[in-house]
């Protein structure tokens, strides 16, 4: 059963009446451009056909009752009072979004009953949290008929995750969930928020392979990477590493390395990764899948060696995928790191070969069974 059907059904069972409306917000997979978003850089994700559905109805007071179907928990809070953190981690994503919507739209106090469910695997690097934030943001916008654009909802979602949940994420996940386009990957300039859609190449599939090693970005590694990038930006005297050219980096690399080895390595990844994203857009436009595969491999190597966010299980999955796919296509880790998934652009005729090579080898080597998803690029958040 699809999340949107399950949300509608469980809403009726839980509240004893039918939901008025349902919102669906997709997860995302990032083809290339990792950790560049919070450095004001470039990313190239697409929204995927896995996501979060929220069924909801207005109440005649200012209370939100939120039923999390997948874990059978409920949260309740009053929009006429200051919104405080909950002991339930999932509930803070909901409360945080509503809190920052109220900062922008102080008149918003419309109560509601909500039931929500997701088929995005948790802690997989496919943005289950952004799908939750954007679905809640859109729900609030509809409930209050609020004058919020999709980009504004995305930035409110990011604000909630940064300030209320405590993960210093960039804005890519939320922007993709809000603004994704069917059959397109979208290059996002994370400073200007300009979007360049590029069609998914004909004859290719997007495969996502979950290592089933879970990650949790609220822990310190992600935030320390961000601090190291900020150190490097201060060293170069710029607002963000987006503003450092490759030439300027090379000129002062030895000096930065002497001051702070980790900041040097992190900056090397970000500056080279931004360049790879720009080249990837051109490769896709030219249908040059050999070049795109090389860029994806370069991105993975940089995440492994300079940003140091991969783990042995992920590196092994990428190696297997690269062998299976060959030169026409590519594979790399996707998401924040320390587990999660790899993404592959794979010729349609090689999908089963890829699936088989990984099934035959990954569990044997690691003791963990992978999960294989074929995805399509889909539209961003919408009312169903």
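Keep in mind that glycine also has a Cβ here, set from the backbone N, Cα and C atoms.
Here is what Swiss-Prot records for this protein:
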ACT_SITE  173  active site, proton acceptor
BINDING   34, 35, 36, 37, 222  substrate binding site
BINDING   123, 124, 125, 126, 127, 128, 129  ATP binding site
BINDING   129, 161  Mg(2+) binding site
SITE      28  site 'Transition state stabilizer'
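Structural mapping of features recorded in Swiss-Prot.
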residue: 28; record: site 'Transition state stabilizer'; Cβ within 10 Å: 34
residue: 34; record: substrate binding site; Cβ within 10 Å: 27
residue: 35; record: substrate binding site; Cβ within 10 Å: 27
residue: 36; record: substrate binding site; Cβ within 10 Å: 28
residue: 37; record: substrate binding site; Cβ within 10 Å: 24
residue: 127; record: ATP binding site; Cβ within 10 Å: 31
residue: 129; record: ATP binding site; Cβ within 10 Å: 28
residue: 161; record: Mg(2+) binding site; Cβ within 10 Å: 27
residue: 173; record: active site, proton acceptor; Cβ within 10 Å: 30
residue: 222; record: substrate binding site; Cβ within 10 Å: 20
For the recorded substrate site, whose residues are 34, 35, 36, 37, 222, find every other residue on that chain with a C-beta no more than 8 angstroms from the centre of their C-beta atoms, and list them by sequence position.
33, 38, 39, 43, 170, 172, 225, 270, 336
In whole Å, how far does the CA atom of residue 128 (ATP binding site) lie from that of residue 222 (substrate binding site)?
17
Out of 126, 127, 161, 173, point to the one nearest residue 35 (substrate binding site) in space (Cα versus Cα); all of them are recorded positions in the record.
173
CA pair the residue listed as 'active site, proton acceptor' / residue 36 (substrate binding site), Å rounded to integer, equals 12
Minimum Cα separation from residue 28 (site 'Transition state stabilizer'), reported as the residue among binding-site residues 37, 126, 129, 161, 222 that achieves it
126
State the count of C-beta atoms found within 10 angstroms of the C-beta of residue 126 (ATP binding site), not counting that atom itself.
29
For the C-alpha pair, I'd like the distance in angstrom between residue 161 (Mg(2+) binding site) and residue 34 (substrate binding site), rounded off.
18
Tell me whether residue 34 (substrate binding site) sits in a helix, a strand or coil according to DSSP.
coil
Give me the count of other Cβ atoms within 10 A of the Cβ belonging to residue 128 (ATP binding site).
22
